[in-house]
Amino acid sequence: MKCAVLFLSVIALVHIFVVEAEEEPDSDALVPQERACIPRGEICTDDCECCGCDNQCYCPPGSSLGIFKCSCAHANKYFCNRKKEKCKKA
C-alpha cells in the first residue's frame, strides 16, 4: 500500500513539473517585434524594420509632407555594414 502511495506521488510530481514547463512563456515569444521585419515594397519608418541587410527604408521626395510614404527598397552593397551598426540589438 505504501508503495502505491509513493508511486502515485511521484507521478503527480512529474505531472506538475511537465504542466509548469508547458505554461511557462518562451522568452522569444515575449518580444515578437524584434523578430518581425517588413518585406520589400511595404511601408516602413526606419531602416531596421526592413528585412535583410540589402534593404533600406527609402523615403521619396514629398514623404515629409505626407504626399508619399516611406517603403522598404533595395539598397547598395555598402549599405549593409551601416545597417548592421545602426540596428545592433542591445
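Each Cβ is built from the backbone N, Cα and C atoms, and glycine gets one as well.
What Swiss-Prot says about this one:
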type	residues	note
SIGNAL	1-21	signal peptide
DISULFID	Cys37-Cys51	disulfide bond
DISULFID	Cys44-Cys57	disulfide bond
DISULFID	Cys50-Cys72	disulfide bond
DISULFID	Cys59-Cys70	disulfide bond
DISULFID	Cys80-Cys87	disulfide bond
Worksheet item: Taking each of the disulfide-bonded residues Cys51, Cys70 in turn and counting other Cβ atoms within 10 Å of its Cβ, which one has the fewest?
Response: Cys51
Fill in: From Cys37, Cys44, Cys57, Cys70, the disulfide-bonded residues whose CA lies within 10 Å of that of Cys50 (disulfide bond)
Cys37, Cys44, Cys57
Worksheet item: If you count the C-beta atoms lying within 10 Å of each candidate's C-beta, which of the disulfide-bonded residues Cys50, Cys57, Cys59, Cys72 ends up with the smallest number?
Response: Cys59
Worksheet entry | DSSP-derived structure type at Cys80 (disulfide bond), helix or strand or else coil | helix
Item to complete: Write out the long-range same-chain contacts of Cys44 (disulfide bond), meaning residues 6 or more apart in sequence whose Cβ is under 8 Å from its Cβ.
Response: Ile38, Cys50, Cys57, Cys70, Ser71, Cys72
Practice prompt. Return one of helix, strand or coil for Cys44 (disulfide bond), based on DSSP.
Written response: coil
Item to complete: For Cys72 (disulfide bond), name the DSSP secondary structure in the helix/strand/coil scheme.
Response: strand
Item to complete: Check each residue in the chain of Cys37 (disulfide bond) that is at least six apart in sequence and keep those whose C-beta is under 8 Å from its C-beta; list them in sequence order.
Response: Glu49, Cys50, Cys51, Gly52
Practice prompt. Would you kindly give the Cα-Cα distance separating Cys59 (disulfide bond) and Cys80 (disulfide bond), rounded to the nearest Å?
Written response: 18
